[in-house]
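Notes for the one structure printed next.
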Amino acid sequence: MALNLCTSPKWIGTTVFDSASSSKPSLASSFSTTSFSSSILCSKRVGLQRLSLRRSISVSVRSSLETAGPTVTVGKVTEVNKDTFWPIVNAAGDKTVVLDMFTKWCGPCKVIAPLYEELSQKYLDVVFLKLDCNQDNKSLAKELGIKVVPTFKILKDNKIVKEVTGAKFDDLVAAIDTVRSS
């Protein structure tokens with residue numbers, strides 16, 4: 001049995017068993033297509049005719065890296081963009097989601113950023129996101145109705161339920177507690 005592997009970083013492993021050997025299955029770590037081909041040579045007693053059979057099977061395996069959406073780490077703030085924001089919010093389901101809408105040039109945004117990071121470590125049942133309201137994400141910022149930075153949007157069940165504008169840490173904590181307890 002011949003085994004041909006084509007490598008590609010977007011395809012990831014499968015277990016392959018070579019029936020020609022008695023070895024255990026092995027793990028092929030990176031591949032896009034696996035082709036198995038086997039030749040069977042049979043001889044009949046009458047006339048010693050030979051039969052050649054060739055069979056090819058192509059198997060494609062999708063990587064969980066390609067099919068999975070953006071990931072969020074508990075206890076960390078995840079930076080999102082216009083393409084990743086809604087998939088993460090949808091995946092959060094009924095969890096509370098807090099979005100920090102900031103810009104890199106905003107002084108109050110820089111002041112509250114480390115405190116926001118601490119909140120993500122305190123509230124492990126809440127998803128903490130941040131969105132840089134630059135030109136690339138302008139459409140999402142407009143969709144979410146941003147007027148000033150920083151603005152914190154608190155979402156539950158894919159809907160904005162609270163908003164805190166400005167670097168008002170105590171107001172943000174109170175809003176998060178209110179939404180979590182509802």
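Just so it is clear, glycine is given a Cβ too, placed from its N, Cα and C backbone atoms.
What Swiss-Prot records for 1-69 is transit peptide. Per Swiss-Prot, the feature domain 'Thioredoxin' maps to 70-181; the stated evidence is sequence analysis. The site 'Deprotonates C-terminal active site Cys' annotation in Swiss-Prot covers ASP100, and the record cites similarity to another entry as its basis. Residues or ranges marked as active site, nucleophile in Swiss-Prot (evidence: similarity to another entry): CYS106, CYS109. The disulfide bond annotation in Swiss-Prot covers CYS106-CYS109, and the record cites sequence analysis as its basis. Per Swiss-Prot, site 'Contributes to redox potential value' is recorded for GLY107, PRO108, and the stated evidence type is similarity to another entry.
Each of the recorded sites GLY107, PRO108 was ranked by the number of other C-beta atoms within 10 Å, and first place falls to PRO108. Over the domain 'Thioredoxin' (70-181) the predicted model carries a mean pLDDT of 97.
Take the CB of ASP100 (site 'Deprotonates C-terminal active site Cys') and look out to 10 A: across all protein chains shown you find 26 other CB atoms. Put simply, CYS109 (disulfide bond) is 9 Å from ASP100 (site 'Deprotonates C-terminal active site Cys') when counted between their Cα atoms. Mapped onto DSSP helix, strand and coil, the domain 'Thioredoxin' (70-181) counts 46 helix, 31 strand, 35 coil. In sequence order, VAL149, PRO150 make up the list of same-chain residues 6 or more apart from CYS106 (active site, nucleophile) whose Cβ falls under 8 Å from its Cβ.
Counting only same-chain residues at least 6 apart in sequence, those with a Cβ under 8 Å from the Cβ of CYS109 (disulfide bond) are ASP100, PHE102, THR103, VAL149, PRO150, ALA167.
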